[in-house]
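In what follows, a single structure is set out as structure tokens and then discussed.
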Amino acid sequence: MPLLPISSPSTISACRELPLRPSDIFICSYPKSGTTWTQHIVLTLLLADRKYKIAASTPCDSDAGKDDLAYNHVSDYAPFFEIDAHWQSSPSTNSTKVLADSVRENHDRLGRRVFNTHLRWDMLPKRREVDGSTPQNDDKEGNDDVNTGPSDDNDSYIHKERPQCGKFIYVTRNQIDVVASFYHHLSNQIEGTYTDTFETFLRDWMDGKIPFGSSLHHLIGFAGGFADNLYDTSRGHDDIGDDESTGVTDQPLLLLSYEKMKSNLRTEVLRIISFLNLTHIPSHVLEEEILPSFGFSSMKNNIEKFQPKSVGWLNGFQFLRKGVTGDGRRLLLNRSTNNSGGGKEEGESSELMVAYNDWVEREEYRSKISNVLRGDCYEDCREVFLSVVEK
């Protein structure tokens, strides 16, 4: 699986072996699926819950009850998990990496660890921290190739090892919108600019040659996690249950859809609140202050909080570009392999759309999802995973 040049094999290995804590939160997605939006939502909710929890436990006239913790950038408290800059050599041994001091200091201020990541499910940590130390990895099955960017051969990305603790939020998005947004992103960044045509980018993306590899493999891998959405309590950790102090509930994974967030954001935000067991946010604050801040226009007006710090843009490109659904379909219909730009009538298929549909069929995506998530109990989850490849 191709990785970004800012992610070394040793960092990917450190990511997989990070000892988990019950209060850890991972915001997971394939690139351009709504990651930054979800980061903003999760951090805003965490900070609000923290603020009102502290206020409720102290006298009204006490300064101790005031909590003004805020973030200037979403990466302050939800850093990009798999980049080298967020890791450093262990003080005890140069052969092992630990989280960078700056990351640990910000997480200490927040009171819990939050990360955003584009790694696949099989590449994420699963073992719980034991007395502040790294857990013993006594089950090597399926882990041998994750350290250097694992292979996509033989469906090895379908990995069903249960996490022992932690919270994982997975965000999906229609794949045609994903590839359109990813193209605009990579072709407009100053460093590492993608200079070829969209038609070539689409084929490179379908072939898994773009950073983070095949988006379908990413989706199927996480579907494997949802197929066994339970904590691993086989190693003596019997305290995995509803616990407000750690933010742990009985399932490690929450599935979000970009399209559902666009159509009914309030409902999806309430699902996040329930999943993270956030119980101190007053309803009027949520409705009047918090939810409006999640709108695209509000985020665009505060672009400095969300624009990647390490990326410069060409020609005044905006990282928060449109925030809509269906833009990718229009792009595929209005492009042809000769790059003439001639549009298609509604209902027609461009050569690119045909190539995309052939790719989905060739990868057997629908049958793999239906097989991994078989049974009535997975109907809602299965529907989300299947909907992302529809035109």
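Positions of Cβ are set from backbone N, Cα and C atoms, glycine also.
Keep in mind the model is a prediction, meaning the values are calculated, not measured.
Pulled from TrEMBL:
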- 22-126: domain 'Sulfotransferase' (DOMAIN)
- 167-220: domain 'Sulfotransferase' (DOMAIN)
- 250-327: domain 'Sulfotransferase' (DOMAIN)
- 126-159: region 'Disordered' (REGION)
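For the domain 'Sulfotransferase' (250-327), the model gives a mean pLDDT of 86.
With DSSP states grouped into helix (H, G, I), strand (E, B) and coil, the domain 'Sulfotransferase' (167-220) comes out at 29 helix, 7 strand, 18 coil.
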